[in-house]
Amino acid sequence: MKILSIQSAVAYGHVGNSAAVFPLQRIGVEVLPVYTVNFSNHTGYGAWRGPLIAPDEVREVITGIEERRVLGSIDAVLSGYQGSEGIGDVIVDAVARVKAADPHAVYACDPVMGNAASGCFVAPAIPDLLRDRVVPVADLITPNQFELGYLTGSTPDTLESTLASVEAARAMGPSTVLVTSVERPDRPEGTIEMLAVDDTGAWIVQTPRLPMKANGSGDVTAALFTAHYVRTGEAETALRKTVSSVYDLLASTLESGERELRLVESQEFYANPREQFAVSRVG
C-alpha cells in the first residue's frame with residue numbers, strides 16, 4: 001500500500017507527517033510524505049522556527065512525483081492541518097491528479113479546525129475552505145466532535161445527534177466518517193469514545209479518558225485508521241485496531257511523563273495492536 005501524505009513536519013517532536021509517517025511504515029505502508037511546513041517544533045510550545053512551504057512549492061513536489069509516473073500506484077491521499085487557503089487548493093488538485101490516475105484511490109481528510117476546549121485555532125478562511133471545497137471531495141474524514149458540528153452546522157452532544165451529524169457530513173461527500181472524540185452525557189465518567197460510520201453501518205468504542213493533552217495524537221489516529229480502512233474495507237476492524245494502538249501510545253506517553261508522544265518506543269502497538277476494547281454496533 002502507498003499513501004501520499006501532505007502535512008506539516010517538525011524536527012523535534014511528533015505532529016503532522018512527523019507523527020503519521022513512522023506508524024504507517026511500521027504497519028507496512030509505503031509513505032510519500034510531502035511537507036507543508038518545516039518547523040523546529042510544533043506551535044504548542046509558543047515559539048518555533050522554520051518556514052511555511054509556499055503552496056506553489058508544495059505543488060512542485062507533487063508534480064515531481066507525478067513525473068515519476070507513480071500516482072497510479074497510490075492507494076490513498078492523506079491530509080491534515082492546512083495552514084493556508086492556498087495549501088487547500090494544492091491538496092484538492094493533488095487528489096484530482098491521483099484519482100485521474102486511479103479512480104479507486106481514497107482521499108482521507110483530517111479537517112483540523114479546533115476542539116471544544118480551545119475553540120477554533122486555524123486561520124479564519126480555513127473552516128469554510130474545509131467545509132465548502134475540501135470535505136466534498138473526500139472519501140473519508142476524521143473530525144473530532146467539535147469539528148463535526150462546525151462542518152454540519154449542528155450540535156452533536158448525544159449519540160443520536162452525533163449519528164445525525166455524521167449522516168449530514170456523509171451527505172456532503174465522504175462515505176466514511178471517523179469521529180475521533182465523542183463525549184455524551186450518558187457515558188460512564190472518565191471515558192471517551194470513537195465512532196466510525198460507513199455505508200455498512202456505525203460502530204462505537206469506549207476507552208478510559210487519559211488525563212493528558214497529546215499534540216499529534218489526532219494525526220496518528222487519522223493515519224492508522226486510513227491505512228486499516230483502505231486495507232480491509234471494514235470500518236469496524238479499522239476502528240478496533242486504531243483505538244487500541246492510539247490508546248497504548250497515549251498510555252505509554254503518560255507513564256513516561258514526557259511532553260512529546262513516545263512514537264518510536266510504542267511501535268509494537270501499531271504492528272500488533274492488542275485490540276483490547278470492545279466495538280459495539282450502533283447503526
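Each residue's number is its place along the chain shown, starting with 1.
Glycine is treated like the rest: Cβ placed from N, Cα and C.
What Swiss-Prot says about this protein:
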- Ser8, Asp219: substrate binding site (BINDING)
- Asp110, Glu147: ATP binding site (BINDING)
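Here the features listed in Swiss-Prot are painted onto the structure.
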residue	record	contacts (Cβ under 8 Å, 6+ apart)
Ser8	substrate binding site	Val15, Gly16, Asn17, Ser18, Tyr35, Thr36, Val37, Phe39, Gly80, Tyr81, Gly83
Asp110	ATP binding site	Leu78, Ser79, Gly80, Tyr81, Ile141, Thr142, Pro143, Gly218, Asp219, Ala222
Glu147	ATP binding site	Pro111, Val112, Met113, Gly114, Asn115
Cβ neighbour count within 10 Å of Asp219 (substrate binding site): 28
Please report the three-state DSSP label of Asp219 (substrate binding site). helix
